[in-house]
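Undergrad: According to TrEMBL, the protein has these features:
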ACT_SITE  A:Thr198  active site, nucleophile
BINDING   A:Thr161, A:Lys187, A:Thr198, A:Glu281, A:Asn403, A:Thr408  substrate binding site
2 protein chains.
Amino acid sequence: MNENKHTEIISDKEMKSGITAPMGFLSAGLHCGIKRYKKDLALIVSETPATAAAIFTKNKVQAAPVLISKKHLNSNDKFRAIIVNSGNANACTGEQGMKDAVEMAALTASALNIKPEEVFVSSTGVIGEPLPMEKIRAGIGKIVDMLSEDDSNAAAEAIMTTDTFPKFTSVEFEANGKIATIGGIAKGSGMIHPNMATMLAFITTDAAVEKNYFQNVLKKTADKTFNRITVDGDTSTNDMVIALANGVSGAEINDDSSAAFETALFELMKKLAIDIVKDGEGATKLIEIVVEGALSDDDALKAARSVAHSPLVKTAVHGEDANWGRILAAVGYSGIEFNPDDFEIYINGTCILGKNYDVKLSIEEANKTLKPNEIELLIKLNEGSGKANYWTCDLSEEYVKINGSYRT
Amino acid sequence: MNENKHTEIISDKEMKSGITAPMGFLSAGLHCGIKRYKKDLALIVSETPATAAAIFTKNKVQAAPVLISKKHLNSNDKFRAIIVNSGNANACTGEQGMKDAVEMAALTASALNIKPEEVFVSSTGVIGEPLPMEKIRAGIGKIVDMLSEDDSNAAAEAIMTTDTFPKFTSVEFEANGKIATIGGIAKGSGMIHPNMATMLAFITTDAAVEKNYFQNVLKKTADKTFNRITVDGDTSTNDMVIALANGVSGAEINDDSSAAFETALFELMKKLAIDIVKDGEGATKLIEIVVEGALSDDDALKAARSVAHSPLVKTAVHGEDANWGRILAAVGYSGIEFNPDDFEIYINGTCILGKNYDVKLSIEEANKTLKPNEIELLIKLNEGSGKANYWTCDLSEEYVKINGSYRT
């Protein structure tokens, strides 16, 4: 991992603020009783109307909050709040689930004196069980009085499920002479105790961003970050990324500043994505797969995805076994064109396999390249100029334990 | 699993004979020293010239024996022998690997007094290491004197890698008033210690089968059996299915007998496929996924495959957790059209989820349906008449242990 690249644009606010780093945003998180002890309700508010962009799960089975948030995005231009609960996904809950999601938006709007369609709703947790609405009603009543611009740790904690640490970051950039900030919080896509593999991310910025452009950029950036990570390949009914832009900094994103905005957004989303992988269930190592020299970027992405999803590769990395045959085979069944004779593999900068199956190191020496907790697996195909990155984690016994016995 | 269906056509030879159940076939297996102690060289011989059909790995990286066997299949009409070693895959071994595979065919042909192009070559085991040819030369010299028609246990054992039991079976059927037999041996596709996920199957029949028809039927039947099993989704550089038909029984496969032949071949290949899944690394439960009521058979297959590959579903079955949300979500991201409200799930005949998310049993009661070692997971989509079956095994901590530490 080349973490140094980040430091130029990530400010020292990163460690304390997340979504409240940009001006004009407030957040809060509390325990309302859906979970036994931990925080389970989060609220994010923009003090002024904000444009929004959002990405929703492609799963054919979509939870009620996904349907309601989609509807609001499509029928409205300005937004003020995101209400999120953890511990219950409000998925596969039929008509009652829709009513409950609608009520969550209405209660939040009423407490904030805004319109229900200015509110996004998000849930994660158990599926197939009705939301405990009395707890949520009481929680929404309380949480509006706790809103603060100090930091977003409480909100980042309140959206966690099996995550072992809250995920938040922020980035500053210059747009037309003004300093703007983007902040974000996220929760993991590792398979989620007790039930679902849900990835949630909420992003805020005090730049002014036009709605259609915002949507395109969010989608494009997600394709290079959140859509290039895998813990186990499952996709949830509740996955959601929502971004709000309130323009309070006065920095406008136009042709002159779009490059800076997109770079900053990419770095922010990449950081959150990598944090999700690091916190994959049972993960002990972060693996960045870099494929170079494919015939096209698309081919490189196919090869990288195939390696990232291979349980053989992921267990080998876990066991610190530099098993190049498994890597080569995973590229081999990715469906891309390449000549295996031209294949090279580098682990954390050390070449372990050269062209024509030239094994560079003894097994013992090669295995040492897998000792670190962060592994860069560079695959050079030497066929063209296509390249791609993908992030995953190792597959450990712990992963199976977490997911095999969730209700026992 | 409805094993009763098999008994009508599988004879009592099943338990003793495998590939030598059909008339005119001999086999042998011995230890030549590639592995430390276990058998590692197998030979299958037809006493008379046989037609052949074969399926080879689609992995872009193909081992030398795959390339040689493909060449023989395409350049020749009649075949006499299959020579197989385990312990070394002869994959990623460059020019020397090709020379060694050619020599294996030549030595076998010379010892049997037949032509090299009448011999198929197959290997499984470590990749990237040269074959120990001196051991193989000595082994081939000995194995021809051990050929026997008694049983094929030694051959079935000699092709094993991490398999915990040899896989063999045979089937009888009637063709135009004559009794014909099909026999088969196989080895597992669970990720193979020490290196690769290789599936091998060798099939023999004393029916007379025309070459092109044989190839089509083998492919079609593999698509319904070997191509509908998954242990971990990885595909090896050495996968191979070879079938030989020598006509010694006098039973000819033509328009009148093709249905009986195809049914028998399907049952044989299904039995071998299920044995492979049962012996998946770390597997404790066999899972048959049955999808009914899809808009097409193709949709049903997509849904079944998606469920079979979901680590979430596989770990839940391992933990005996009847987690219907994971099953529904896996169908949801399979890409097919269906209405989640119409979804029903039955485990071993018990309905655990009815339409409109009607949860039929308490968690404790539902979990009891997963106690048996063989699980039938029936998913009714209630949208059309498309259906498909798929077989997989649970995902256990043991799987990770086996594959994370193979050279330590």
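Even glycines carry a Cβ here, placed using N, Cα and C.
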Undergrad: State which of the following recorded positions has the fewest other Cβ atoms within 10 Å around its Cβ: A:Thr161, A:Thr198.
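TA: Among the recorded positions A:Thr161, A:Thr198, the lowest count of other Cβ atoms within 10 Å belongs to A:Thr161.
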Undergrad: Need this for a regression test: binding-site residues A:Thr161, A:Lys187, A:Glu281, filtered to those with Cα within 10 Å of the residue listed as 'active site, nucleophile'. What's left?
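TA: Passing the 10 Å Cα cut: A:Thr161, A:Lys187.
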Undergrad: For A:Glu281 (substrate binding site), what is the secondary structure state per DSSP, taken as helix, strand or coil?
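TA: Looking at the DSSP assignment, A:Glu281 (substrate binding site) belongs to neither helix nor strand, so coil.
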Undergrad: What's the number of neighbouring CB atoms sitting within 10 A of the CB on A:Glu281 (substrate binding site)?
TA: 26
Undergrad: Could you tell me which three-state DSSP class the residue listed as 'active site, nucleophile' falls into?
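TA: Its secondary structure by DSSP: coil.
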Undergrad: Under a three-state reading of DSSP, tell me whether A:Thr161 (substrate binding site) is helix, strand or coil.
TA: coil
Undergrad: Which residues in the same chain, at least 6 apart in sequence, have a Cβ under 8 Å from the Cβ of A:Lys187 (substrate binding site)?
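TA: Listed in sequence order: A:Ser86, A:Thr124, A:Ile159, A:Met160, A:Thr161, A:Asp163, A:Lys167, A:Thr198, A:Met199, A:Leu200, A:Ala201, A:Ile276.
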